[in-house]
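Here is what TrEMBL records for this protein:
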type: BINDING; residues: Cys40, Cys43, Cys426; note: Ni(2+) binding site
type: BINDING; residues: Cys43, Cys429; note: Fe cation binding site
type: BINDING; residues: Ile377, His432; note: Mg(2+) binding site
Amino acid sequence: MCSWTSSFRFYASARVGRQVFIFCYSAGGTDAVYMAQRICGICSTAHGAVASYLLDELYDNDIDENAQYLRNIMFAADFLQNHIRHFYFFGLPDFVIMPKQPPFVSQNCYDCRLDDEDNRRLAGHYIEAVKAAEKSHQILALFGGKAPHQHSFVHGGVAVSPTADKINQAVALNRDIHDFVQRYMIPDTELIARCYEDYYHIGKTPGRFLSFGLFRFGRKNDQVLWKAGVLDNGRLTQPELNLIQEDITKAWFERAKWMEEGEVRPAPRKPGAYTWTKAVLYRGQHYEGGPLARMTINGFYRGGTSTMDRIVARSLETLFITELMEKWLHKLKPGKPPINQKKELVRSQAIAVTDAMRGALLHCAYVEGEQVEKYDIITPTAWNFSPKNNSGNRGPAENALVGTVIPSPELKYVIPGRIIRSFDPCISCATHFVEYRTNNANKTLTGKSV
């Protein structure tokens, strides 16, 4: 009987580096709300939302109540399409045998535990998920002009009129989405959780969670529906932005210090580095963000920190958001575009934060003469897929792999893949595994240094 006793070396490596911020530098200050959305196509509204909060801070705008609801409705609609797509398009093929046709022809079917009937049923729900995600984008396009990369968020409010016809269309679409989530997504999640119950013990993180809060209200964007928090060892505190640091020990950058003057210079040949993602730290520690962090901090979910906990929390959050949207849509008042823009800058620098689909999102800008001189962003995946810091401590995704048992060669990509995808990483980020050559039959992912 053989056993694998040697270990994988592993690291979370973002191999794609993009100088998006340079475009923001050359844009007028109010263009940041559009330029920043080009960072991502799956969660673009999150960047539009936080950029609009930042501009409101720079101009000291007062946000009309209708605009508050419209912004959150559009933001929530983008949450829905993201979460639905993640569960069915990126997550389901990890657990369900899909039809032998594109795009599933190369599917890895090892350790698929559902019976034939359940496999066929959930594969059918995949097609229904395409329709539900499309309806989410239709809601966003009704009020945002287009999706992705909506054009309705502006500093001081929203540019599209909330007509009675648009409101009624959005209500009908949201009810269809709610019906899909309640009838299919939640039961499908419960089935996966039952059949793969061992994943409640696989892919655990230390349980340090951080959230900037979600769905902002108030004339100054100073109220959040789902509260912000930093949860560490059962102790909940409010996040303090001055305690956030970026570490470039293992990143392909030189001379990078968050919120300090000086350019961030790429260094693709830097010895020992393995990613374009900087390590993001709070009080010198790595923190996990995302649906599990939000749901735990707000008391909506009381589970663990595992792979399956992340999957379940995301599905529950999807259901909650459809219910919130129903309430918000009925509070909208048909009328003109709700914009209250002040013409003069009252500040030259501002920071704005929100939670996005995958976790905590921060934008910071310095503006001079209505021209952006500096624009910095810390994304959710930077938190979750942080590389090792200068103390050798790993980020949440890397940490979740430590100690994972790989019982057979066929599962050497299956189990780590399920763990990594439970974080819903951005497509531009990737995790690569470098393994020792061996003929043994049992391996464990350890924290061995790269």
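Using N, Cα and C of the backbone, Cβ positions are placed for all residues, glycine too.
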Cys426 (Ni(2+) binding site) CB neighbourhood, other CB atoms within 10 A: 23
Inter-residue Cα distance where the pair is Ile377 (Mg(2+) binding site) and Cys426 (Ni(2+) binding site), in Å: 15
Secondary-structure category, per DSSP, in which Ile377 (Mg(2+) binding site) falls: strand
Cβ atoms near Cys43 (Ni(2+) binding site) (within 10 Å, other residues, all chains): 25
Cβ neighbour count (within 10 Å, all chains shown) around Cys40 (Ni(2+) binding site): 23
Packing count at Ile377 (Mg(2+) binding site) (other Cβ atoms within 10 Å of its Cβ): 18
Euclidean distance between Cα atoms of Cys40 (Ni(2+) binding site) and Ile377 (Mg(2+) binding site), Å: 12
